[in-house]
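Positions annotated as active site, nucleophile by TrEMBL: E87. Among the features that TrEMBL reports, active site, proton donor is placed at E91. What TrEMBL lists as domain 'GH16' is 3-198.
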Amino acid sequence: MADLALHQTRPIKEIAIDYTPEACNHCSDSNSITLTYDHRGGARWRSTTRFLYGTFSSLIQCPKGNTSGLNFNIYLSSLEGDKSQDEIDFEFLGKDKTIVQTNYYTTGTGNREEIHDLGFDCSDGFHEYVIKWGPDLIEWLIDEKVVRRAERKDDERFPDKAMFLYSSIWDASYIANGGWTGPYMGCDAPYVCLYKDIHVPAGTALDCSCDS
(Lines of atoms letter the chains of each structure in order from A and count residues from 1; the text may use other names and numbers.)
(Lines give C-alpha, C1' and ligand atoms only; values in the text may rest on other atoms or scores of the structure.)
Protein backbone atom coordinates (compact mmCIF):
# COMPACT_ATOMS: atom_id res chain seq x y z
CA MET A 1 0.00 0.00 0.00
CA ALA A 2 1.33 3.40 -0.96
CA ASP A 3 2.34 5.72 1.85
CA LEU A 4 -0.24 8.29 0.76
CA ALA A 5 -3.08 5.78 1.12
CA LEU A 6 -1.69 4.59 4.45
CA HIS A 7 -1.32 7.99 6.09
CA GLN A 8 -4.03 10.19 4.59
CA THR A 9 -6.91 10.56 7.07
CA ARG A 10 -10.14 12.45 7.61
CA PRO A 11 -12.31 13.21 10.65
CA ILE A 12 -14.85 10.53 11.46
CA LYS A 13 -18.28 11.72 10.38
CA GLU A 14 -20.73 9.16 11.71
CA ILE A 15 -20.69 6.46 14.36
CA ALA A 16 -22.90 3.55 15.33
CA ILE A 17 -23.57 2.85 19.01
CA ASP A 18 -23.72 -0.88 19.74
CA TYR A 19 -25.29 -0.67 23.21
CA THR A 20 -26.41 1.84 25.88
CA PRO A 21 -26.81 4.76 23.46
CA GLU A 22 -27.75 7.06 26.34
CA ALA A 23 -24.21 6.58 27.74
CA CYS A 24 -22.53 7.70 24.50
CA ASN A 25 -22.60 11.24 23.15
CA HIS A 26 -21.22 12.12 19.71
CA CYS A 27 -20.80 15.65 18.37
CA SER A 28 -19.79 15.55 14.72
CA ASP A 29 -19.22 19.33 14.60
CA SER A 30 -16.49 19.20 17.26
CA ASN A 31 -15.42 15.64 16.33
CA SER A 32 -15.77 14.48 19.93
CA ILE A 33 -17.27 11.46 21.67
CA THR A 34 -18.02 10.88 25.36
CA LEU A 35 -18.45 7.41 26.88
CA THR A 36 -19.82 7.00 30.40
CA TYR A 37 -19.76 4.01 32.74
CA ASP A 38 -22.23 4.09 35.65
CA HIS A 39 -25.22 2.12 36.98
CA ARG A 40 -26.34 1.55 33.39
CA GLY A 41 -23.11 -0.25 32.54
CA GLY A 42 -20.85 0.93 29.75
CA ALA A 43 -21.22 1.70 26.06
CA ARG A 44 -19.47 0.96 22.78
CA TRP A 45 -19.27 2.96 19.57
CA ARG A 46 -17.80 2.05 16.21
CA SER A 47 -17.28 3.49 12.78
CA THR A 48 -20.11 2.83 10.36
CA THR A 49 -17.72 1.36 7.79
CA ARG A 50 -14.93 -1.15 7.72
CA PHE A 51 -11.52 -0.09 6.43
CA LEU A 52 -8.84 -2.20 4.79
CA TYR A 53 -5.57 -0.77 6.13
CA GLY A 54 -4.76 2.81 7.03
CA THR A 55 -4.07 5.16 9.93
CA PHE A 56 -6.50 5.58 12.83
CA SER A 57 -6.06 8.14 15.61
CA SER A 58 -7.74 9.89 18.51
CA LEU A 59 -6.93 12.19 21.36
CA ILE A 60 -8.13 10.42 24.51
CA GLN A 61 -8.54 11.47 28.13
CA CYS A 62 -9.31 8.43 30.25
CA PRO A 63 -11.68 8.48 33.24
CA LYS A 64 -10.60 10.01 36.52
CA GLY A 65 -10.84 8.45 39.96
CA ASN A 66 -10.48 4.84 41.06
CA THR A 67 -11.11 2.99 37.79
CA SER A 68 -10.10 -0.45 39.05
CA GLY A 69 -11.95 -3.18 37.18
CA LEU A 70 -12.72 -1.12 34.09
CA ASN A 71 -11.35 -1.44 30.57
CA PHE A 72 -11.38 1.57 28.22
CA ASN A 73 -9.88 1.34 24.79
CA ILE A 74 -9.62 2.15 21.13
CA TYR A 75 -9.18 -0.73 18.70
CA LEU A 76 -9.84 -2.19 15.27
CA SER A 77 -11.86 -5.36 14.77
CA SER A 78 -13.32 -7.09 11.75
CA LEU A 79 -16.43 -7.76 13.84
CA GLU A 80 -16.79 -7.59 17.61
CA GLY A 81 -17.92 -10.95 18.97
CA ASP A 82 -16.80 -12.96 15.92
CA LYS A 83 -14.57 -15.80 17.12
CA SER A 84 -12.48 -15.59 13.92
CA GLN A 85 -11.94 -11.82 14.05
CA ASP A 86 -8.84 -9.85 13.15
CA GLU A 87 -8.15 -7.14 15.72
CA ILE A 88 -5.58 -4.48 16.71
CA ASP A 89 -5.82 -2.99 20.21
CA PHE A 90 -4.95 -0.19 22.56
CA GLU A 91 -6.44 -1.19 25.95
CA PHE A 92 -6.24 0.74 29.21
CA LEU A 93 -6.42 -1.41 32.34
CA GLY A 94 -8.28 0.39 35.11
CA LYS A 95 -6.06 -0.93 37.90
CA ASP A 96 -3.10 1.14 36.65
CA LYS A 97 -3.58 4.29 34.58
CA THR A 98 0.15 4.68 33.90
CA ILE A 99 0.24 1.72 31.49
CA VAL A 100 -1.49 0.63 28.28
CA GLN A 101 -1.70 -2.81 26.67
CA THR A 102 -1.31 -3.45 22.94
CA ASN A 103 -2.29 -6.65 21.18
CA TYR A 104 -3.36 -7.98 17.80
CA TYR A 105 -5.38 -10.95 16.62
CA THR A 106 -5.50 -12.93 13.39
CA THR A 107 -8.49 -15.23 12.75
CA GLY A 108 -9.39 -15.11 16.44
CA THR A 109 -5.92 -15.83 17.82
CA GLY A 110 -4.25 -13.19 19.98
CA ASN A 111 -1.80 -13.86 22.81
CA ARG A 112 0.47 -11.10 21.55
CA GLU A 113 -0.06 -8.74 24.48
CA GLU A 114 2.57 -6.18 25.42
CA ILE A 115 2.42 -3.70 28.31
CA HIS A 116 3.84 -0.20 27.83
CA ASP A 117 4.68 2.37 30.49
CA LEU A 118 3.03 5.64 29.48
CA GLY A 119 5.17 7.96 31.56
CA PHE A 120 1.98 9.78 32.60
CA ASP A 121 -1.45 9.17 34.09
CA CYS A 122 -3.81 8.65 31.15
CA SER A 123 -6.59 10.51 32.99
CA ASP A 124 -4.60 13.70 33.56
CA GLY A 125 -5.18 15.12 30.07
CA PHE A 126 -5.54 14.35 26.37
CA HIS A 127 -2.88 12.26 24.62
CA GLU A 128 -2.81 11.03 21.03
CA TYR A 129 -3.06 7.31 20.29
CA VAL A 130 -2.45 6.12 16.72
CA ILE A 131 -2.67 2.74 14.98
CA LYS A 132 -0.95 2.47 11.58
CA TRP A 133 -1.93 -0.76 9.86
CA GLY A 134 -0.58 -2.05 6.58
CA PRO A 135 -0.30 -5.44 4.86
CA ASP A 136 3.12 -6.15 6.39
CA LEU A 137 3.46 -3.76 9.34
CA ILE A 138 1.49 -2.49 12.34
CA GLU A 139 2.69 0.46 14.41
CA TRP A 140 1.24 1.78 17.65
CA LEU A 141 2.13 5.39 18.47
CA ILE A 142 1.53 7.55 21.54
CA ASP A 143 2.07 11.29 21.23
CA GLU A 144 3.90 10.73 17.92
CA LYS A 145 6.30 8.17 19.42
CA VAL A 146 6.28 4.58 18.15
CA VAL A 147 5.83 2.30 21.17
CA ARG A 148 5.51 -0.96 19.23
CA ARG A 149 6.11 -2.32 15.73
CA ALA A 150 4.89 -5.71 14.49
CA GLU A 151 6.16 -6.93 11.13
CA ARG A 152 4.60 -9.78 9.21
CA LYS A 153 6.64 -12.97 9.19
CA ASP A 154 6.55 -15.34 6.24
CA ASP A 155 5.12 -18.18 8.35
CA GLU A 156 2.61 -16.06 10.28
CA ARG A 157 -0.91 -14.90 9.52
CA PHE A 158 -1.28 -11.13 9.72
CA PRO A 159 -4.45 -9.04 10.09
CA ASP A 160 -5.90 -8.71 6.58
CA LYS A 161 -9.66 -8.49 7.14
CA ALA A 162 -11.37 -5.13 6.76
CA MET A 163 -12.00 -3.69 10.23
CA PHE A 164 -14.21 -1.22 12.06
CA LEU A 165 -12.77 1.33 14.49
CA TYR A 166 -14.26 0.61 17.92
CA SER A 167 -14.11 2.09 21.40
CA SER A 168 -15.81 1.08 24.63
CA ILE A 169 -15.80 1.28 28.40
CA TRP A 170 -16.81 -1.83 30.34
CA ASP A 171 -16.38 -3.79 33.55
CA ALA A 172 -13.71 -6.45 32.89
CA SER A 173 -13.16 -7.37 36.54
CA TYR A 174 -14.48 -10.91 35.99
CA ILE A 175 -11.51 -11.75 33.76
CA ALA A 176 -8.82 -13.72 35.63
CA ASN A 177 -10.69 -12.96 38.87
CA GLY A 178 -9.69 -9.32 38.64
CA GLY A 179 -6.12 -10.06 37.69
CA TRP A 180 -6.31 -8.19 34.39
CA THR A 181 -8.01 -4.89 35.26
CA GLY A 182 -8.39 -5.26 39.03
CA PRO A 183 -11.58 -5.69 41.06
CA TYR A 184 -14.35 -3.23 40.29
CA MET A 185 -14.76 -0.61 43.01
CA GLY A 186 -17.17 1.91 41.53
CA CYS A 187 -16.54 4.48 44.25
CA ASP A 188 -15.98 7.32 41.76
CA ALA A 189 -18.76 6.58 39.26
CA PRO A 190 -19.76 7.93 36.85
CA TYR A 191 -16.57 7.30 34.86
CA VAL A 192 -16.21 9.39 31.71
CA CYS A 193 -13.83 8.67 28.84
CA LEU A 194 -13.34 11.53 26.37
CA TYR A 195 -12.35 11.23 22.71
CA LYS A 196 -11.69 14.09 20.31
CA ASP A 197 -10.02 14.77 16.97
CA ILE A 198 -10.84 11.22 15.86
CA HIS A 199 -9.49 10.36 12.41
CA VAL A 200 -9.97 7.39 10.09
CA PRO A 201 -8.40 6.56 6.71
CA ALA A 202 -9.47 8.84 3.87
CA GLY A 203 -9.60 6.29 1.07
CA THR A 204 -9.82 2.71 2.32
CA ALA A 205 -13.46 2.43 3.48
CA LEU A 206 -15.18 -0.58 1.91
CA ASP A 207 -18.86 0.06 2.77
CA CYS A 208 -19.48 3.03 0.52
CA SER A 209 -23.10 3.45 1.57
CA CYS A 210 -22.14 4.46 5.12
CA ASP A 211 -20.05 7.12 6.86
CA SER A 212 -20.05 9.31 3.77
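Here the Cβ of each residue, glycine as well, is placed from N, Cα and C on the backbone.
Given the structure is predicted, the values throughout are model-derived calculations rather than measurements.
Summarising model confidence by region, the domain 'GH16' (3-198) averages a pLDDT of 95. Cβ environment of E87 (active site, nucleophile): Y75, L76, S77, S78, N103, Y104, Y105, G110, P159, M163 lie under 8 Å away, each six or more residues apart in the same chain.
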